[in-house]
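Chemist: Got a structure for you, written out below as structure tokens; questions coming shortly.
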Amino acid sequence: MAITTTTLATIAAARHRRGRRRRAILAGLVLLIAGMLALTLMLGQSFTPPGQVIRVLAGQEVPGASFTVRQLRLPRAVLSVLAGFCFGMGGVAFQIMLRNPLASPDIIGISSGASAAAVFAIVVLGISGPAVPILAVAAGLGVALAIYGLSFRGGVAGTRLILIGIGVAAMLHSFIAYTLSRAPAWDLQQALRWLTGSVNGAQLGQALPLLAVLALAGGVLLSRSRDLEALRMGEDTAAALGVRVGPTRTLVIACAVGMIAVATAITGPISFVAFLSGPIAARIMGSGGSLLLPSALVGAALVLVGDYCGQFLMPGRYPVGVVTGALGAPYLIYLIVRVNRAGGSL
Amino acid sequence: MTARAGAMPGRRAARNTLALAAVVLLVALLCALSVAIGTRDVGWDDIAAALAGRAETIGQAASAARLPRTALAFLAGAALGLSGALLQGVTRNPLADPGILGINMGAALAVVVGVAWFSITSAQAYIWAAILGAGLTAVFVYVIGSLGRGGATPLKLALAGAATSVAFASLVIAVVLPRGDIAGGIQSWQVGGVGGATFVRLAPVLPFLATGFAISLLWARKLNALALGDDLAAGLGENVARTRAIAGLGAILLCGATTAVCGPIGFVGLVVPHFCRLLVGTDHRWLLPFSALAGAGLLLASDILGRILARPGELDVGIVTAFVGAPFFIWIVRRQRLREL
């Protein structure tokens, strides 16, 4: 009896410690994002003192600062954060569900589907504005559905889903490359947005669809985080724990695809953010606890930092996707090596 | 491997010879069609005149311009089909393909880096850069994919290849973006096509392809031993590592050189060996030459299709093969009992 009590006490203490650690790390991530936001708003080609930034944000007209902060820096920063949230959370949901960190939406073709639809809409159909994200979401969902349906053969095996996704992604990539190379008034910046992702020319209005999808799909995902955690231990274990695997899977796919597709339609498929956020979050959080929120925060931090580096810290100006892609490459190598050694879990 | 183990029943050999004749005939027909079909219709007499070296009428000139293109499609298709068969034999992996494994993208990155940073211009240098990039990427992806439990499973190799492709694609853009002068050319090169070929541009790549073809055909017998599994092959007195290295080198020469000239063309190396296995079985001494021929046939057919579908313009062959090949890839994945990671 005495032993049981001490064991329980130890477990409770450990859980308490973990909870505290988790909150501390989350707070740290939020601080990092806030810091990056402040930096983005204050320091660009020119320096705007914090007092002026606050006055502009409060709605006052400050000569020399209003335009830069309100029209250029604020939309960019807001869009970076929101898109980062979407990529981070959508990506990690896939990685947890398929139990393979390499099975992120940017590798198995979901982002490519959204991207291909956007390119097709802009270049071939010549449409722009709100119809483009809608089309991209539809295409992202369509591709996800197609991959899911094609890999269905008496149940969906994760392996089959990933491999079919890779095949579909390869096909879509060649379609995107071809459509862009044939665009009549071929614009490199526009093209690069759809190949690597960028927040150039951001407008505050574009944040609305992102906010909506975050509230809707993100909310559903967060409310299902327990089921997702159970799925992380394998389908059989999850079923034994009382999770209805099929419906949960469908719901998670729908939400994650929605987030990824909306973000892709607005910023382009920012390379590797969906792919890197989850593993990075897993590394800094340690074991236990849902990865959805930490991963979303890491995603936002990645996009903010990547965009800032691409804008100001490099020779020439690069879109954020090029920076995250290049930064992601070495981490990817490390990750593949480590994951393969461990046998595939996040 | 002794000669006895390699002997095959006479009926099989006869059937294979028949199939070989059929494929040769088909490829010859496709070559003829490739010269005949295009934006401008030309008569057979014009084609005959063009083959004889005359280019007096517009029809003759058009046919003459299509000759090097046909030759390039034939060579590139043969090289890609063969390199796919070699890669599948070396890795014993049904999904091995220069595109899926990221080898094409490695070659592309090396060429782009060479152009941008080392200002290479000669065709020879392009090819060397592409082969170097292809080789390094192949080794890299294979090593990464075979780490951990279970060695190089199809899933791990495909994931390592896909992830490497994405990373390299970003790096290509990072290198190209500040250099507007080369961006356009590289963008269109990345789709993969055989249009605009001339015999002069074709010449430098021939020695590389010839070496690749020679290696693969000489090494076919050893690949048969490899198919039995490493332990058994070693037990039969085969130097497994050396066989793998040399056959892999052949595959890299072939797909690297092809990528340097045509840009990355996906899925030919994946589809063709599977199709040929259905025709002639798994003996590499038949499979490899067949894969080369069928690869040539597939690329010629895709190129012709691209010209018919998008008249009066044309579709690059890379997009046609992608749309023909990806469904096939999915079919293979669905058919196979793939091992879970």
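Even glycines carry a Cβ here, placed using N, Cα and C.
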Chemist: Among B:198-220, B:221-243, find the range that TrEMBL records as transmembrane segment.
Modeler: B:198-220
Chemist: According to TrEMBL, which of these ranges is transmembrane segment: B:3-24, B:245-266?
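Modeler: Spelled out, TrEMBL records transmembrane segment over residues B:245-266, not the other listed ranges.
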Chemist: The transmembrane segment (B:157-178) vs the transmembrane segment (B:286-305): three or more C-beta pairs under 8 Å (separation of 6 or more)?
Modeler: no
Chemist: Using Cβ atoms and a strict cutoff of less than 8 Å, what residues sit near the transmembrane segment (B:317-334) while being 6 or more residues removed from its termini?
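Modeler: Cβ under 8 Å, 6 or more out: 73, 94-95, 97, 100, 191-194, 262-268, 270-271, 274, 298-299, 302-303, 305-306, 309.
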Chemist: Of the listed stretches (B:99-120, B:126-145, B:198-220, B:245-266, B:286-305), which one yields the highest count of Cβ-Cβ distances below 8 Å with the transmembrane segment (B:70-87)?
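Modeler: If we count Cβ pairs closer than 8 Å to the transmembrane segment (B:70-87), B:286-305 scores highest.
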Chemist: Considering only the recorded stretches B:99-120, B:126-145, B:198-220, B:245-266, state which has the highest number of Cβ pairs under 8 Å to the transmembrane segment (B:286-305).
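Modeler: The stretch with the most close Cβ contacts to the transmembrane segment (B:286-305) is B:198-220.
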Chemist: Near the transmembrane segment (B:99-120), which residues from the same chain, at least 6 beyond its ends, have a CB less than 8 A from one of its CBs?
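Modeler: Result: 87, 126, 129-134, 136-138, 140-142, 157-158, 160-165, 168-169, 171-172, 175-176, 179, 182, 186, 189-190, 252, 255-256, 259-260, 263-267, 269-270, 329.
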